[in-house]
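**Student:** According to TrEMBL:
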type	residues	note
DOMAIN	B:149-212	domain 'CBS'
DOMAIN	B:213-269	domain 'CBS'
TRANSMEM	B:295-315	transmembrane segment
TRANSMEM	B:322-340	transmembrane segment
TRANSMEM	B:372-391	transmembrane segment
TRANSMEM	B:398-422	transmembrane segment
2 protein chains.
Amino acid sequence: MNNENETITLDDENVYNKVLLDDLLLQNHIDEFRTEFLTMHTYEQSEYFEDSEDEIRQRIFEVLSPEEVANFFDQLEIDEEEYEALFDTMNASYASHVLEDMSYDNAVDIMNNLSKQKIVSLLTLMNKDDAKEIKALLHYEEDTAGGIMTTEYISLKATMPVKEALMHVKEQAPDAETIYVIFAVNDDKQLVGVLSLRDLIIAENDAYIEDIMSERVISANVADDQEDVAQKMRDYDFIAMPVVDYQDHLLGIITIDDILDVIDEEASEDYSRLAGVSDVDATNDSVTKTALKRLPWLIILTFLGMITATILGSFEDTLSQVALLAAFIPIISGMSGNSGTQSLAVSVRNISTGEIDEQSKFKVALRETGSGFLSGLVCAAILLMIIIVLYQQPILGLIVASSLTIAMTVGTLVGSMIPLVMNKLNIDPAVASGPFITTINDIVSMLIYFGLATSFMSYLL
Amino acid sequence: MNNENETITLDDENVYNKVLLDDLLLQNHIDEFRTEFLTMHTYEQSEYFEDSEDEIRQRIFEVLSPEEVANFFDQLEIDEEEYEALFDTMNASYASHVLEDMSYDNAVDIMNNLSKQKIVSLLTLMNKDDAKEIKALLHYEEDTAGGIMTTEYISLKATMPVKEALMHVKEQAPDAETIYVIFAVNDDKQLVGVLSLRDLIIAENDAYIEDIMSERVISANVADDQEDVAQKMRDYDFIAMPVVDYQDHLLGIITIDDILDVIDEEASEDYSRLAGVSDVDATNDSVTKTALKRLPWLIILTFLGMITATILGSFEDTLSQVALLAAFIPIISGMSGNSGTQSLAVSVRNISTGEIDEQSKFKVALRETGSGFLSGLVCAAILLMIIIVLYQQPILGLIVASSLTIAMTVGTLVGSMIPLVMNKLNIDPAVASGPFITTINDIVSMLIYFGLATSFMSYLL
């Protein structure tokens, strides 16, 4: 397998053979297993590990060195709750070796899911240098720049000659998270410049770092939100970004692979919020767990729905006199809900991409409302004609049509403004989920509809 | 400004001073403008350009060389329709120079928005080599691997000694899109291996490329969907991926910055679809344009809503006898719509991340339905109690509660299955947008509710 060229294209669904690997492992063909497994890409190794049962995972820990396991643990993605049990199946010294051989940032990500007690015992078993670095990183909040950075970067004195710098890079290459972006510091370890390995390679041999570095360094503060960091790195097309404290001391770097995860997380968060689910990506949950996760929301919505029902109940007289009014409840509440969700989506997206400034966000919200009014008018005109043709009731048609226009205008206003206002008040905009907006719009649109209908009751009879 | 160290953190909202730049330009302080502008990062340059009016843009073309403009045009993001007008403001020879100095993939992205005639005239003015490369890239579909790849990569013969390879990289560094991933080819230009610049740097001087390259190359076919490429690159943590034809000939590379754009696009697409808007990111549209974009959908929904209204109209007798039934229309249709949207979100996400296989997707859909039934039961029990307490009508309560349970179960089934079935039938799942599912669920839930109510009418009177 190893001697011939093998180009793997995207169409090859299974780039590894799980059955073969399992067999080799269970039938004790350790050498063959190792050869087969270690020629796989670390991502494939991690996929194989994720797909394997405990028995296989146990065997893997028996036949691979901590370093070999660390290589693919860097890409491991299992449920957060599973880590404690997984690390219980390794003996403590092996586990601590695995963690110290991983990238610090990834080791920290995993350790954040372990119990305090476990963390302490693992740190004690690590070599002192690694333990110190990991301990420091464990202190940062998970969703800040500090929480996703690693300390395995290459930094050089700004006064170093290029020739010496290249030697340095070569030496540090095996351990650094990236060697393609190099940071220049002064004697106080303050960040003063940045250069790419490309700059270094094409530089004249007698130049110094400070001659070729860029002094306009875009950096993140260690406490910055990971979302802001992701946005900046995407804007600037960075493959690595330095993280500093308030005195510009270089503390670590964030690399593009971590940013991909952040972008994914954030997109998934916005998306889940719009749908009113807590986590759209939890595909392994059981029926009960899925139901339990959604229930709090659905129960709140049931109570909110009861408000709508109570309002409608208070119009029982109106309804019993003109029962046909009920027929248009779904269309009015539905259209108001739909246009509200559309505007909500635009607003939330504008907040989270941060691409436009505060003032423009409100301008967009106003534009949404205007567009809600315009579309409302058009849909209302269509509805009016249909009602006249089907039921020959022009007054009913006018009431339904005006209600629809007002409900859609208010719907878009609610949908676009609520997240903006919440964001401004620093309230978690998670409350402004799609179903919540829809239910609010139900209440508002029913009040409008039956308010109008009751006022013009005499014309309807 | 240039001599002192300047660390820019994320909090600095405006890293450039638009007023100052505008003034320098309009008052003809060309040298100062150039110094100020050219020390800015290309991303900031592109932001400044995007924020500027035509008059300023015109001046920029007068004081910057095509190469200087090309540098920040690589990061330019304006509306697709604007490019034709923008290129009309440059003289043709200047425009063609800008394009040939850009990365080929970015030049092609821009040219895809120009008229055929304009493209031909620009290609004629370019130098032959660049024109040939760009022409070749223009042939690929925009959302395939070919459409986002560039041909400015570094490839070396597998038989080359490491020492010679390093010289080669150094030579090609200024023009290559990335020098950090290097591709090894055989005499037929077929891709046979891949190595990182890091591998090359830490290799023994007397080694050959084929000794240190990895022969397990993960590549994309030129016709592969850009989404699949993005997924693979994210999985494998690649910063560049080779693109080949069916005979493994290396055609180009895709770099991580292009992938970030693709991921963004795709997430935005799923999100927009859930909200039922065509493009959530078009923040510059006018009120009328926004309304016009949304109207086709809203009109379809109006007609679908009329189906619900007609169904309810046919139950006019039932409604006029028990007007209170109308009070629970919004809660039943709303909850069924909400749970449908939640399941829709999960299904669409599972389709688009491609992380689970076909069979699991249907398993997830079944789990969704089960969870819809469970949550329906709980919400129904709550609703039943409220109705008994508020209205002392246990029969009405039972009818509403059973309708809610059935409607939520069917709602989740519809929400999770429709996108899967559409995907299987190769129908564009855009039709399965949030509002569409909600409206379908309106119809279904009202049929259930009034079906039940009419059947048990005698107990209600």
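Using N, Cα and C of the backbone, Cβ positions are placed for all residues, glycine too.
Worth saying up front: this structure is predicted, and the values here are computed from it rather than measured.
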**Student:** Summarise the domain 'CBS' (B:149-212) by DSSP state, stating how many residues are helix, strand and coil.
**Tutor:** 21 helix, 18 strand, 25 coil
**Student:** Excluding the flanking five residues on each side, which residues at least 6 beyond the ends of the transmembrane segment (B:398-422) place their CB within less than 8 Å of a CB in that stretch?
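**Tutor:** Here the qualifying positions are 328, 331-333, 335-344, 346-348, 351, 361-362, 364-365, 368-369, 371-373, 375-377, 379-381, 383-384, 387, 428-429, 431-432, 437, 440-441, 444-445, 448-449, 452-453, 456, 460.
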**Student:** Determine which residues of the chain contact the transmembrane segment (B:295-315) at the Cβ level, with the cut-off under 8 Å and only residues 6 or more beyond its ends counted.
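**Tutor:** Contacts with the transmembrane segment (B:295-315): 276-278, 329, 333, 433, 435-436, 439-440, 442-443, 446-447, 450, 453-454.
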**Student:** Please work out the mean pLDDT for the residues of the domain 'CBS' (B:213-269).
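**Tutor:** Averaged over the domain 'CBS' (B:213-269), the predicted model reaches a pLDDT of 89.
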